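Asks: Before I ask anything, here is the structure I am working with.
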Ligand code: NAD
């Protein structure tokens with residue numbers, strides 16, 4: 001059978017620095033676990049603009065559509081701040097998401113025990129936390145028409161439209177139920193059915209999809225405002241949360257911060273299955289290009305490495321290998337390895353991006 005294919009788009013700023021550590025881990029899987037990947041690399045973001053005058057060349061877009069999974073580092077930086085909106089680095093990322101139709105955005109909020117004191121919440125509330133937020137990514141109020149700013153009488157009016165079709169709700173609900181089956185089998189759906197018709201439809205469709213195909217999964221519903229409160233009151237009550245684009249944007253950022261540093265947060269964006277059964281997929285850390293620390297060897301590569309662990313689990317059906325990689329990360333943190341962003345108020349001496357990669361590779365070796 002042909003090797004699985006990966007397109008690496010390391011991007012700008014610290015993107016190439018953190019991706020360099022992921023590449024070493026990909027090589028490790030080929031050498032030590034007999035899981036060779038065919039890897040191609042290309043440009044996205046500011047570096048693509050510098051070379052091609054566009055943040056995502058059509059050839060790169062075409063490659064992204066062909067591979068089994070795309071791994072992205074980060075895009076953007078101060079050098080590109082004044083570019084026209086149509087060629088800003090972020091447009092490259094948005095084009096990938098749109099043309100690959102990546103409607104299901106998975107943002108895990110997982111609190112490694114060694115970092116529980118980093119959370120703004122008490123240790124006992126977050127230690128051992130492991131929840132997954134599934135955010136609808138390609139529809140809802142960020143895309144709905146009509147939109148714009150117009151004048152009515154003597155004042156300006158801003159308009160955005162929350163719009164969801166049944167099929168858009170059903171496919172992201174399916175994605176959440178499928179995910180729950182691989183985890184603790186519970187889904188909580190969040191909307192505002194008390195005040196929004198789109199929320200009423202959301203609740204109806206999620207309930208119908210559940211009854212038809214996923215009755216074995218435990219389903220609950222919650223108003224999104226209560227959900228926000230519950231996330232900070234008792235986040236461990238959740239397993240998988242599924243919600244729309246706007247609420248998901250807010251809830252996933254709040255949940256992310258339960259776990260401490262931005263340098264620790266992976267994500268996956270999934271679309272419909274391809275001919276080979278694998279979903280269209282893009283994996284990327286939540287953080288940006290961190291221009292303030294670029295080129296200094298300070299970046300924490302863990303978010304990018306955990307994004308590759310998500311690829312192992314969701315694109316390559318290698319859940320036990322994803323567990324192995326996550327356990328290696330957990331071990332190095334428990335042993336006290338810290339990049340600068342992970343130093344607490346008590347300080348200590350940080351290790352570099354490469355040294356963190358070394359430590360994780362050593363923990364992987366030790367796992368064999
Ligand atoms: P950022 O995530 O790049 O950085 C925020 C802060 O977190 C900085 O102090 C940075 O040093 C720190 N940080 C981020 N990742 C880290 C890591 N792996 N290790 C250690 N510290 C880390 O957000 P920003 O400063 O608002 O944005 C910088 C640039 O990145 C902008 O051009 C922005 O548009 C872009 N951006 C890109 C993405 C993406 O590619 N998905 C996401 C967010 C921002």
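Keep in mind that glycine also has a Cβ here, set from the backbone N, Cα and C atoms.
Quick paste of what TrEMBL says about this protein:
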- 5-360: domain 'Isopropylmalate dehydrogenase-like' (DOMAIN)
- 77-90, 288-300: NAD(+) binding site (BINDING)
- 97, 107, 135, 225: substrate binding site (BINDING)
- 142: site 'Important for catalysis' (SITE)
- 192: site 'Important for catalysis' (SITE)
- 225, 249, 253: Mg(2+) binding site (BINDING)
Asks: Can you tell which of the binding-site residues 81, 294, 298 lies nearest to residue 225 (substrate binding site) in space, using Cα positions?
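Replies: Checked the binding-site residues 81, 294, 298; minimum Cα distance to residue 225 (substrate binding site) goes to 81.
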Asks: Consider only the binding-site residues 81, 107, 249: which of them have a Cβ under 6 Å from an atom of ligand 1? Write none if no residue does.
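Replies: None, as no Cβ falls under 6 Å.
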Asks: State the Cα to Cα distance, in Å, between residue 192 (site 'Important for catalysis') and residue 89 (NAD(+) binding site), rounded to an integer.
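Replies: Per the Cα atoms, residue 192 (site 'Important for catalysis') and residue 89 (NAD(+) binding site) stand 34 Å apart.
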Asks: Give the distance between the Cα atoms of residue 89 (NAD(+) binding site) and residue 97 (substrate binding site), rounded to the nearest whole Å.
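Replies: Here the two Cα atoms are 13 Å apart.
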Asks: Please report the Cα separation of residue 77 (NAD(+) binding site) and residue 142 (site 'Important for catalysis') in Å, rounded to an integer.
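Replies: Their Cα atoms are separated by 24 Å.
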Asks: Near residue 85 (NAD(+) binding site), which residues of its own chain have a C-beta under 8 A away, given they sit six or more steps off in sequence?
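Replies: Looking at Cβ-Cβ distances below 8 Å from residue 85 (NAD(+) binding site), excluding near sequence neighbours, one finds 91.
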Asks: 77, 89: which of these binding-site residues has the sparsest Cβ neighbourhood within 10 Å?
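Replies: Relative to the other binding-site residues in 77, 89, 77 has the fewest Cβ atoms within 10 Å.
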Asks: Rank aside, I only need the closest one: which of the recorded positions 81, 142, 253, 290, 298 has its C-alpha nearest to that of residue 97 (substrate binding site)?
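Replies: In terms of Cα distance, residue 97 (substrate binding site) lies closest to 142.
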Asks: Sorry to bug you, but what's the C-alpha spacing from residue 249 (Mg(2+) binding site) to residue 294 (NAD(+) binding site), rounded to the closest Å?
Replies: 26
Asks: Neighbour count first, Cβ atoms within 10 Å, every protein chain included; then name which of 81, 249, 253 tops the list of binding-site residues.
Replies: 249
